[in-house]
Amino acid sequence: MTPQPAGPPDGGWGWVVAAAAFAVNGLSYGLLRSLGLAFLDLAEHFDRSAQDTAWISALALAVQQAASPVGSALSTRWGARPVVMVGGVLASLGFVFSAFARSLLHLYLGLGLLAGSGWALVFAPALGTLSRYFSRRRVLAVGLALTGNGASSLLLAPALQLLLDSFGWRGALLLLGAITLHLTPCGALLLPLALPGDPPAPPLSPLAALGLGLFTRRAFSIFALGTALVGGGYFVPYVHLAPHALDRGLGGYGAALVVAVAAVGDAGARLVCGWLADQGWVPLPRLLAVFGALTGLGLWVVGLSWGGPLLAAAVAYGLSAGSYAPLVFGVLPGLVGIGGVVQATGLVMMLMSLGGLLGPPLSGFLRDETGDFTTSFLVSGSLILSGSFIYIGLPKALPSCGPAPPPAMPPPEKGELLPAPQAALLSPGGPRSTLDTTC
């Protein structure tokens with residue numbers, strides 16, 4: 001038996017886990033963000049509309065996120081390593097199957113169902129395992145892992161355009177299938193870690209393994225509702241940012257540049273915001289609401305921009321969206337405790353799937369009806385702003401009206417934001433409390 005550590009090691013092998021989670025994020029969300037470059041070729045080949053091809057990414061997102069609680073439950077029962085490794089094989093097979101598609105239905109099944117199912121088994125277990133390895137630098141570690149999204153988009157967007165020009169969409173999908181198979185060795189790096197507060201045995205009941213009891217906590221329910229609304233608009237740029245740039249006359253490589261600069265801003269902001277959040281100067285729920293609202297406003301600007309200003313708008317959107325991303329997962333241990341973070345990650349991904357399923361097809365429909373993506377981005381930004389407004393109901397999201405003495409930190413397995421006598425949100429860094437006010 002391996003001796004149980006007193007708490008998260010806050011480093012050591014945790015940085016290897018962060019690197020594995022970085023690759024997992026890049027080979028799932030980063031790849032999906034760049035895949036929109038192939039949609040014009042697919043629409044032309046199958047003689048279908050933008051709305052029809054948008055369902056490919058919408059289904060992949062929806063399946064990935066809706067099935068994330070299954071990945072979390074399997075990880076809770078058998079560990080993250082085998083679950084992530086199997087997920088990598090499934091995602092790779094989805095791309096290989098889609099390379100031989102004879103209709104959009106085959107792409108719906110290959111990329112949407114099969115690859116989406118594989119991604120569902122990799123993301124939540126990898127990110128949940130990473131959260132268990134860190135405490136004081138948790139948001140920074142999560143932000144580092146989530147930069148895989150931007151880094152992958154930066155590399156894959158021009159690479160995918162080159163593959164499409166050189167080999168066509170079928171050859172490009174085959175090569176992406178080979179790249180996606182690298183998720184399997186990433187899963188092998190996720191060593192299990194026992195922590196105080198863990199249950200003595202894995203839950204046997206399916207409902208307990210899924211963690212549905214977390215919805216009985218008011219703060220988590222508010223967070224879940226706000227995140228579901230944000231999901232309705234957050235993933236539209238993953239699918240339609242490149243087509244939007246093409247509609248604005250930037251050309252194939254110009255559209256790839258728009259995606260790339262958004263990815264650079266996204267990646268840099270995840271690191272900076274992760275460091276900022278770990279300083280404890282501002283409560284995490286307040287940062288979550290602020291950067292969520294800025295992301296919605298950024299999408300408005302993207303939708304209204306043309307030509308060169310679209311590049312600047314894409315950078316601004318990437319900075320705000322990248323700042324929001326690590327906060328979504330960084331705030332979870334404070335809401336549910338470190339023991340429930342893997343299950344909570346899966347449930348949040350499931351709720352975001354509702355928006356991920358409806359957002360891109362709605363965006364494609366609005367594009368077909370109006371002739372461009374302006375209305376699509378305005379509606380998407382409005383959904384994100386609505387979700388950010390709901391975040392105001394989280395503990396410490398708003399300042400109160402009088403100074404309060406700094407209280408003691410509750411045990412981390414109970415969650416820093418859970419109701420406790422005279423408890424307040426503290427920085428993950430230890431005894432430094434976040435200065436706030438109360439009535």
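Glycine too: its Cβ is placed from the backbone N, Cα and C atoms.
Noted in TrEMBL for the protein shown:
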type	residues	note
COMPBIAS	403-412	compositional bias 'Pro residues'
COMPBIAS	417-431	compositional bias 'Low complexity'
DOMAIN	14-399	domain 'Major facilitator superfamily (MFS) profile'
REGION	403-439	region 'Disordered'
TRANSMEM	12-32	transmembrane segment
TRANSMEM	80-100	transmembrane segment
TRANSMEM	107-127	transmembrane segment
TRANSMEM	139-160	transmembrane segment
TRANSMEM	172-195	transmembrane segment
TRANSMEM	215-241	transmembrane segment
TRANSMEM	253-277	transmembrane segment
TRANSMEM	297-320	transmembrane segment
TRANSMEM	373-394	transmembrane segment
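Note on the domain 'Major facilitator superfamily (MFS) profile' (14-399): its mean pLDDT in the predicted model is 87.
Sequence-distant contacts of the transmembrane segment (373-394) (same chain, at least 6 residues past either end, Cβ-Cβ under 8 Å): 219, 222-223, 225-234, 236-237, 240, 243-244, 247, 285, 288-290, 292-293, 295-300, 302-304, 331, 355, 359, 362-364, 366-367, 417.
Contact counts against the transmembrane segment (107-127), taken as Cβ pairs under 8 Å, peak for 12-32 among the stretches 12-32, 139-160, 172-195, 215-241. Long-range neighbours of the transmembrane segment (12-32) within the same chain, counting only residues 6 or more positions beyond its ends whose Cβ lies under 8 Å from a Cβ of the stretch, are 57, 60-61, 64, 84, 91, 119, 122-123, 126-127, 129-130, 133-134, 141, 144-153, 156, 176, 179-180, 182-183, 186-187, 189-191, 238, 263. Same-chain neighbours of the transmembrane segment (139-160): 14-15, 18, 21-27, 29-31, 33-35, 37-38, 126-127, 130-131, 133, 172, 176, 242, 253, 256-257, 259-260, 262-268, 270-271, 273-275, 277-278, 284, 318, 322, 325-327, 329-330, 428, counting only residues six or more beyond its ends whose CB sits under 8 Å from a CB of the stretch.
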